[in-house]
Amino acid sequence: MDSAETELTPAPEGRKRYSDIFQSLDNLEISLGNVTFDPLAGDPVRREDLEPDKADTATVVTEENSEASSWRDLSPEGPAPLTEEELDLRLIRTKGGVDAALEYAKAWSRYAKELLAWTDKRANYELEFAKSIMKLAEAGKVSILQQSQMPLQYIYTLFLEHDLSLGALALETVAQQKRDYYQPLAAKRMEIEKWRKEFKEQWLKEQKRMNEAVQALRRSELQYIQRREDLRARSQGSPEDPPSQASPGSNKQQERRRRSREEAQAKAHEAEALYQACVREANSRQQDLETTKRRIVSHVRKLVLQGDEVLRRVTLGLFELRGAQAERGPRSFSALAECCVPFEPGQRYQEFVRTLQPGAPPPPSPAFCFQEFTAVVHSFPQDTKKKFSGPLPPRLEEEGSPEPGPWEVASLGSQGIPGSDVDSVGGGSESRSLDSPTSSPGAGARRLVKASSTGTESSDDFEERDPDLGDGIENGVGSPFRKWTLSTAAQTHRLRRLRGPAKCRECEAFMVSGTECEECFLTCHKRCLETLLILCGHRRLPARMSLFGVDFLQLPRDFPEEVPFVITRCTAEIEHRALGLQGIYRVSGSRVRVERLCQAFENGRALVELSGNSPHDITSVLKRFLQELTDPVVPFHLYDAFISLAKTLHADPGDDPGTPNPSPEIIRSLKTLLVQLPDSNYSTLRHLVAHLFRVAARFEENKMSANNLGIVFGPTLLRPPDGPRATGASPVACLLDSGHQAQLVEFLIVHYEQIFGMDELPLASEPLTQDPGLAPACLESSPQHPASLLAQDTQPLTIALDSSPDPKHHSALEKCPEVTPPELATLQRDQREEEVEDTRDGAGDGSSHCPEDLALGAQSRGHFSRQPVKYSRGGVRPVTHQLSSLALVASKLCEETPVTVSAVHRGSLRVRGLGPAAACPEGSPLRRNPLPKHFEITQETARLLSKLNSDAVSRTTCCADPEPEESEEHL
């Protein structure tokens with residue numbers, strides 16, 4: 001009212017007096033309204049006369065009214081509320097008013113942030129509590145409804161439904177609170193905070209400009225004062241103009257003084273102009289500062305008012321929302337209490353008894369009597385499974401009894417009734433642990449009979465099985481797992497529970513619980529079975545060995561001329577399903593999958609399953625294997641010779657790699673260089689070139705010509721020495737050599753028939769079978785079965801007279817009758833006996849010479865036998881992957897014994913015992929005679945080998961100089 005009266009025009013004295021009277025009456029009415037007693041009542045009502053609950057309610061209402069009145073009613077003596085203009089004017093006139101307004105806005109934002117955090121945390125707690133109550137109510141409702149005819153069952157069902165409805169209401173309330181309270185208040189807080197920072201930045205900028213203007217004004221004022229003082233000093237110190245009769249020297253001095261005075265006057269005028277400009281700038285900045293101050297104060301006030309309005313609105317909405325939620329609970333509980341009042345105890349029990357069907361009364365129980373002992377002679381132990389032949393008790397003789405007696409019910413319950421306490425507690429044999437030794441006690445326990453293995457499941461005792469190994473076949477036919485997805489390679493193993501800590505062959509991590517194969521003893525995590533790449537070889541898996549980044553001659557092989565199994569497996573898989581794939585050997589595979597394949601080769605060697613991998617990953621593994629060899633396929637000491645030959649190809653236009661008929665000199669020179677390669681290097685290079693020849697033959701499909709393959713494999717097969725010998729090699733020479741390398745490899749691919757011979761093109765070996773019954777035949781990357789290899793082992797020892805295609809060798813043998821002494825016949829018989837024994841011992845590992853085995857070997861690669869096979873765990877360990885000493889001895893014997901040349905076909909490029917410079921007739925195909933692949937040293941074998949060595953020496957002396965012309969023709 002005071003603020004309203006100040007804005008009105010002055011009234012007459014009488015009117016002013018009436019307004020004071022009205023104001024006094026209003027104050028009196030307000031003061032009388034705050035009094036808590038009724039003047040019309042007799043005695044005031046005492047608090048003790050009220051009921052306890054009503055007294056408490058009255059106290060709460062009185063306190064709330066007093067607090068609300070203190071917040072709502074203002075005392076007449078208190079300050080009147082200020083208008084918006086007065087608020088802004090007071091802040092403007094107060095020193096630091098703008099900073100105070102901005103600080104209040106910051107405090108308001110912090111206050112709103114605390115409110116939001118508190119409400120959000122409270123809502124989260126309520127949400128978790130409501131979910132827990134609903135979950136508990138659901139479980140309790142299911143448990144209560146399972147019982148029938150229980151007291152107050154309907155009431156408690158309503159109670160649980162009430163909890164569910166209250167929980168749903170709480171969830172809805174929390175969601176609505178976040179939508180109606182949290183989001184608007186948070187948005188307003190962010191808006192206020194953003195504008196506060198903007199206003200603060202503007203205020204700081206204006207203050208900085210004002211300070212700069214004031215400093216410039218002070219500097220210009222000081223400069224102006226100094227210039228004026230200088231001008232006054234020079235004007236006062238100069239004398240009056242002398243007469244014209246003065247000397248010329250005095251005239252110069254006067255002229256100098258005059259110029260100095262003019263300069264001082266000009267500087268004074270300049271300083272004065274600068275000073276006036278700074279004054280104007282300072283006044284302008286001060287006006288801008290005042291304008292900014294008014295604007296910032298006004299906007300801050302509006303932002304605070306808007307924030308208060310939003311806070312008031314969302315708070316009212318929150319209280320209404322919470323009030324509606326809280327009102328529902330008391331009403332529901334009061335309704336439940338009203339429903340519970342008319343319940344009579346024992347009412348449900350009476351209903352339960354009425355539901356029973358009363359029948360005829362049971363006959364009275366017979367009295368028990370004493371029976372004397374009667375001796376019974378038995379000629380054999382009594383069989384408890386037979387029917388009892390003695391006199392039955394009276395109770396058992398009654399077959400028409402309507403219901404059993406109580407002792408019969410007890411006996412039946414002890415045997416196990418569905419739903420009885422025995423099953424619930426876990427007294428059944430099925431509920432006990434399968435690994436416990438006492439899980440199957442007595443003769444009545446379940447015993448699993450061992451069955452012959454089918455290659456998929458273990459036939460060990462039931463106690464040794466993993467609980468995860470079950471009967472389910474959800475993950476594939478024959479899969480022993482219910483939870484884990486098995487890879488194709490994992491399905492070939494016979495898995496069982498791991499019996500001790502071991503190292504996983506797949507991830508190279510130690511484990512305590514896992515799986516183990518019964519035959520190859522491969523250990524693996526259960527989760528790693530999904531990505532396992534190692535097939536079961538049905539014999540103990542050899543230890544892990546490094547294959548990448550090692551010397552070429554140190555790679556595991558069974559005989560000197562064998563191609564490394566990494567190369568044979570990769571090329572066989574590519575030729576089986578990816579010869580026509582576009583970009584083969586040019587597109588790189590995934591780095592992660594390539595690493596896994598390399599690790600699988602080092603862990604499982606030749607037993608790696610490649611059918612499920614991308615062809616680009618397989619080619620990347622092959623290229624990486626060749627690149628990381630410390631000594632490449634073409635040795636370092638022959639690198640210069642091959643590069644020189646490649647340069648001659650490049651120099652002669654007629655010897656271009658694409659020329660269909662190259663010059664015979666180039667072919668002869670290249671064959672001479674190839675003869676100098678070691679045995680394994682030659683076989684590997686020939687195998688790789690044959691594979692690339694097949695790839696280039698399908699150029700129209702895969703877009704990989706011989707030129708492209710030469711670019712890919714040139715720097716891999718031919719590498720310059722990287723040791724001290726290569727210190728003088730320049731980068732330019734290496735760059736030029738790369739072109740020659742690619743050209744030479746292209747030449748080898750294009751002219752494979754003229755260089756190696758088309759009739760001896762190595763056949764593409766079949767990929768490793770996934771059938772567990774055929775897996776032993778593929779062990780250790782052997783291209784043949786062990787039995788056939790054993791038969792081949794005996795051929796060099798028995799000289800193989802019948803297999804020689806050349807009649808000249810028969811004539812040479814006829815000239816030397818000492819070639820077949822009686823000891824040699826004994827040796828042949830012993831070798832045959834050892835062959836038969838080894839074939840019988842390893843019947844499951846390979847094929848034999850019988851017609852049935854030959855027919856089985858001629859079947860398709862997808863054929864497998866279902867006949868169960870029992871493999872022994874303690875079998876012979878696999879051959880160590882080193883250069884076999886016995887194989888080297890046999891190779892040496894073959895080199896020293898000219899008679900073994902009969903086993904070599906006509907037209908071979910390399911002959912054992914001849915030097916590397918041996919030449920062959922032009923156009924003859926290049927062939928090699930594979931040495932025995934596997935030997936098993938025993939005392940008897942060593943004795944026979946020593947005797948064979950002595951016989952070979954005697955034969956050498958006997959056939960010292962056969963006909964030279966015939967041998968040259970044969971070569």
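Heads up, the Cβ atoms here are built off N, Cα and C, so glycines get one too.
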Swiss-Prot annotation, phosphoserine - which of S75, S365, S730, S782: S75
Where Swiss-Prot places phosphoserine when the choices are S401, S436: S436
From S440, S479, S804, the one Swiss-Prot labels phosphoserine: S440
Identify the zinc finger range according to Swiss-Prot, selecting from 87-131, 492-536, 537-581, 672-716. 492-536
